Structures are given as C-alpha cells and as structure tokens.
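*Asks:* What follows is a single structure, and I will ask about it in a moment.
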C-alpha cells in the first residue's frame, strides 16, 4: 500500500454509508458495462492491484469482480468526477460483465413506453457460475 | 404522461431515499459525461420530454440539466441495468456537461498515486452561469 493511495482516498467523498458509485466502461469500445459500489477498502484494493474490486451491498463484503465467474476487469485508468463522489473505471473486461451472461448490465431500453431487452446473453450464466 | 411510462417507473428499484443513479454518456463518442441522481419525477420527466432531468440532492429539487447554463442533454436512449437500480442515458450533449466547463466531469485520473487533471475547461464557467 502506498502513501499516495491513502492521499487519494482521503480526497474521495464517500457517502453516509461509506460508499461511492463506480461505473465500469470498456476502455476501447466505450461500452458502459455496469454500475457498482466501492467502499474505501474496495477502492484502495482496485487502485493497488489494478483489478476491479467492489463492495457488494447485498452480501456485505468485498467483491473481487470475477472471483466466482472468472470475468475479471483489469483497470486501465481510474478517474474521479468533479465532486469526487463518483468513480469511472476504464477497464479491460474478460468475457462479460453481467451475471446474465451479457457483456453489459445495461441491456433494457425504454422504447415506446416499454422496457425492451436489446442484447442477448453471450454466455450461459450456469456456465459462468458452475451451476 | 403515458400509462407506459408509469409501468416502466414501477419496475425501477429506487433506493431508500427514492433515488437511482444515472450515468450520462455521449451517444456517438462514448464519452462518459457525468453521474447524477434521479427520483421518480425526474425519471418520468426525462422519459416523457427526451431531455435529461435529474434530482439535485444539494438543492433538493428537480434539476433540468442546462436550465441555468444552457448545456442541455437530449436523450437518444435510456437504459436500465439488470438490477433496475441504475440508469444509463445515451445523450447528445449541448456544449459541456461539467460545471467546470469541461466536457466530462470525470477529469481527474489516478496516476502514480496522485490525482491528475487530464482535461482542461473548454468554456469559462463564468460564461456558463453568467457571473
């Protein structure tokens, strides 16, 4: 752990729950893959290891992206916004980001007043999680 | 207001504060411009008008993007993620998204353990807000 990382972390505006929203974007195609959350530990680990690590609100623990599925994210660049309360990760996604087997979690579009799935799974989710 | 929009809104997982995170991305370049928040009214207005409307947490009111600065966002497509707790707006940004005069709010990158500004303002903020 570097002193520099702690200095960066000190400048982050974590919310009342100690979290910050993090958007992952495929670095070359520009596709927005997912939005998840980080606490200070997750953000530190992401900066230090260059692998995306989130905070799972549902499981209440660090979530090293791909730990079960193998679908890891190598961080090419990490950015903060002007308010320092949002993170943008430019990543290189191995496989797919979404637990449904789709590349991106943002697959439902609002069209003509309805939610419409605009992409199909590229991988069988059962294959991702070994069920 | 259409019945369809209300049906879509009923499927959105707003958080305990009635909010959902919304990411705006320039539709053609893929640049991620900003992350803000919407409540049900803001999301309804965005869907119905095709103009991005957020909920300003600091001001506690609807924030029609560009209402002071003229830097509006025309919504090309609106997507929800697999958990229905995040919105992705593909927009056509007029001018710049950031109140600092930069195109994107994500202008600070973590490099060598330091935060480094990687873009410069394209517009003088005083000009945007008529100060």
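Heads up, the Cβ atoms here are built off N, Cα and C, so glycines get one too.
What TrEMBL shows for this protein is this:
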- A:81, A:83, A:85: Mg(2+) binding site (BINDING)
- A:82, A:98, A:105: Zn(2+) binding site (BINDING)
- A:34-107: domain 'Phosphoribosyl-AMP cyclohydrolase' (DOMAIN)
*Asks:* Which has the fewest other CB atoms in a 10 Å radius around its CB: A:81, A:85, the listed binding-site residues?
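*Replies:* Sparsest of the binding-site residues A:81, A:85 by Cβ contacts within 10 Å: A:85.
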*Asks:* Fewest other CB within 10 angstroms, which one of the binding-site residues A:82, A:98, A:105?
*Replies:* A:82
*Asks:* Around the C-beta of residue A:83 (Mg(2+) binding site), how many further C-beta atoms are within 10 angstroms, looking at every protein chain?
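*Replies:* I get 14 for this one.
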*Asks:* Could you give the mean pLDDT over the domain 'Phosphoribosyl-AMP cyclohydrolase' (A:34-107), rounded to a whole number?
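*Replies:* Value for the domain 'Phosphoribosyl-AMP cyclohydrolase' (A:34-107), mean pLDDT as a whole number: 97.
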*Asks:* Using DSSP, how many residues in the domain 'Phosphoribosyl-AMP cyclohydrolase' (A:34-107) fall into helix, strand and coil?
*Replies:* 10 helix, 30 strand, 34 coil
*Asks:* Can you give me the Cα-Cα distance between residue A:98 (Zn(2+) binding site) and residue A:81 (Mg(2+) binding site) in Å, rounded to a whole number?
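*Replies:* That separation, Cα to Cα, works out to 24 Å.
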